[in-house]
Amino acid sequence: MEFDTIAAISTPMGEGAIAIVRLSGDEAIKIVDQLFVGVGGKQLKDVPSHTIHYGHIVHPETKETIEEVMVTVMKAPKTFTREDVVEINCHGGLVSVNRVLQLVLASGARLAEPGEFTKRAFLNGRIDLSQAEAVMDLIRAKTDRAMAIALNQMEGRLSKLIRRLRQTILETLAHVEVNIDYPEYDDVEEMTHRLLLERATEVKNEIERLLQTAQQGKVLRDGLATVIVGRPNVGKSSLLNSLAHENRAIVTDIPGTTRDVIEEYVNVRGIPLRLLDTAGIRETEDIVERIGVERSRKVLKEADLILLVLNYNEPLTSEDEQLFEAVKGMDVIVIVNKTDLPKRIDMDRVKQLSQGSPVITISLLEERGIDQLEEAIASLFFSGDVEARDLTYVSNSRHIALLTQAKKAIEEAIHGIEAGMPIDVVQIDLTRAWELLGEIVGDTVHESLIDQLFAQFCLGK
Ligand code: GDP
Ligand code: ZN
């Protein structure tokens, strides 16, 4: 059987760990050869099977060195998928691994779907269905929650934006129809061109903005802007210290801002958090209390992640309820602290107020529950485990890939409009952009039975 070449990140990306970009397929070696500069200029296509090679991943156009790597070349059929497999071992963090993956995808590989390596092993006769099932079970056990969280929290906002863009394109297409129906009216055509250009540019700008601010990229560049909120005395500074201590934080005083903003960078399972503290968490800790409701709302708005802390040992107060109200619709992890003390909080009410956000019970004093908290943080964005991280990471990269393609299609359309191309040619590009965006929200995805089967294994539904 012959398939295209797929790629994905396939190992944990935690601190110090080596992350692997794995490729499988006929073109795997050829693709990596375009990017890999080995010692003495050797080509991977000439090396024996099952050998490891030191070198650098270099951007084929800019010649920029992206990452120092060890590349493993395994030729078919003695591989897991029975296809040619290349593994690029990167020892950098998320940023460089992501860049290597993006380069591999730009060079002709397709992003692997969840479970696709295993699916190939099965389809190529390397393993039987029950073996495939076993592998999938393993994946499933660790990713259920991660997938649910990732889908709920990450795609909600994105989907809304995407659907709006699709609507704009659809409306624009409707105008194009008018033009095609009445080509004899010059002014209609002129108007249509102007309007088309306007709308298409609008959509393009939106996509560009999305690509720029895509959660993933933003996180990788700046760290996840994280704000700790809660009433006085619930344990906010203890939490900050715990996260900072456990993860060897670097305390940064941003020059020029004196004491206005203190940022703590901590690394939670490979995910950089930028713990934001306006006016100094260490001093009063309570943003709402110190800087007033209005300003704290603004701080909250700029946060990627809210850690809302409650006291296990006290009944919920109206202030707690107000905090829930203030962070509605955001990525929130609810932390119920002081479980070493008797329970006085109404956990049912907490769950209700949390509206599906993770609720973690911890005792900072006894250092219990901190692992679960870290896992919840990781799950929100990349998910916490080896395989789980693969999955959510994949879905992010998939979005980036689709958005990039959609942007290209829109640019083609704009180019066509500007060049005075026939309107029905422009229509094709617009329709393509509309379809690509639809794939992000799952509106135009068609899956064959076998795909569904494996997707089910993988998502554990
Ligand atoms: P903040 O005002 O929200 O920042 O709360 P702090 O972090 O300053 O903690 C308030 C008090 O609660 C301190 O005396 C902490 O030692 C105590 N505290 C924090 N976490 C726990 C916990 O898990 N259990 C108990 N029993 N006390 C805690
Ligand atoms: Zn405090």
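Just so you know, glycine gets a Cβ as well, placed from its N, Cα and C.
Annotations in TrEMBL come from automatic prediction, not curation.
As annotated by TrEMBL, (6S)-5-formyl-5,6,7,8-tetrahydrofolate binding site applies to Arg22, Glu87, Arg126, Lys461. The coiled coil annotation in TrEMBL covers 151-217. What TrEMBL lists as domain 'TrmE-type G' is 223-382. According to TrEMBL, the GTP binding site annotation covers 233-238, 252-258, 277-280. For Asn233, Thr252, Ile254, Thr257, the entry in TrEMBL reads K(+) binding site. Sequence annotations record features per position, and here TrEMBL assigns Mg(2+) binding site to Ser237, Thr258.
Summarising the environment of Asn233 (GTP binding site), the number of other Cβ atoms within 10 Å of its Cβ, over all protein chains shown, is 14. Distance between Cα atoms for Asn233 (GTP binding site) and Arg22 ((6S)-5-formyl-5,6,7,8-tetrahydrofolate binding site): 48 Å, as a whole number. In sequence order, Ser10, Ile20, Val21, Arg22, Leu23, Val71, Thr72, Met74 constitute the residues six or more apart from Glu87 ((6S)-5-formyl-5,6,7,8-tetrahydrofolate binding site) in its chain with CB-CB distances below 8 Å. Least packed by the Cβ count within 10 Å, out of the binding-site residues Lys236, Ser237, is Ser237. Proximity of the binding-site residues (Arg22, Glu87, Asn233, Ser237) to ligand 2: a Cβ under 6 Å from the molecule is found for Ser237. Only Asn233, Lys236, Ser237, of the binding-site residues Arg22, Glu87, Asn233, Lys236, Ser237, place a Cβ under 6 Å from an atom of ligand 1. Neighbours of Arg22 ((6S)-5-formyl-5,6,7,8-tetrahydrofolate binding site), defined as other CB atoms within 10 A of its CB across all chains, total 24.
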